[in-house]
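The structure appears right after this line, and notes come after that.
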Amino acid sequence: HWPASELFPEGYMCVKAGRNPNYGYTSFDTFSWAFLSLFRLMTQDFWENLYQLTLRAAGKTYMIFFVLVIFLGSFYLINLILAVVAMAYEEQNQATLEEAEQKEAEFQQMLEQLKKQQEAAQQAAATTASEHSREPSAAGRLSDSSSEASKLSSKSAKERRNRRKKKKK
């Protein structure tokens with residue numbers, strides 16, 4: 001046990017007066033409780049009560065501490081949080097833009113491949129058509145049979161329409 005003179009400044013005396021205020025959450029007994037109280041002060045959460053309790057216990061000189069912590073500490077903390085949020089937002093925007101550029105590049109590449117495939121198909125069709133045009137008898141037969149088929153199909157369609165009209169009457 002240490003002597004009482006080493007623990008307290010001159011003129012002060014420690015007296016157990018009951019539980020710490022605010023259900024035991026407002027305390028400077030240990031570093032962790034003091035840090036929690038300081039955090040509460042910096043976030044400005046119910047700091048007025050902490051100020052009043054400290055003012056009653058230690059005197060008006062601690063008002064300077066509260067003014068400095070509130071004006072410098074809490075505003076610095078708020079600006080720091082805002083800066084982090086702004087940086088995260090900017091990073092997200094950059095990632096979105098990069099993703100859009102990547103998709104655009106992939107789309108252009110696929111479009112080029114499609115054009116090449118269409119050109120190859122057209123060349124193959126042109127080659128096939130030129131080979132068929134060299135065989136006159138086969139081409140003549142195809143064109144005759146296709147024209148006859150189209151005449152028949154239109155004729156049968158007319159007949160079907162006429163039958164439907166007759167059935168309705």
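The backbone N, Cα and C atoms fix where each Cβ goes, glycine too.
Nobody curates TrEMBL annotations by hand; they come from automatic prediction.
Copied over from TrEMBL:
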COMPBIAS  119-129  compositional bias 'Low complexity'
COMPBIAS  142-155  compositional bias 'Low complexity'
COMPBIAS  158-169  compositional bias 'Basic residues'
DOMAIN    16-95  domain 'Ion transport'
REGION    114-169  region 'Disordered'
Long-range neighbours of the compositional bias 'Low complexity' (119-129), counting only residues six or more past its ends (CB under 8 A): none
Helix, strand and coil residues within the domain 'Ion transport' (16-95) as assigned by DSSP: 60 helix, 0 strand, 20 coil
Structural state census, the compositional bias 'Low complexity' (119-129) (DSSP three-state): 11 helix, 0 strand, 0 coil
DSSP residue counts for the compositional bias 'Basic residues' (158-169), split into helix, strand and coil: 11 helix, 0 strand, 1 coil
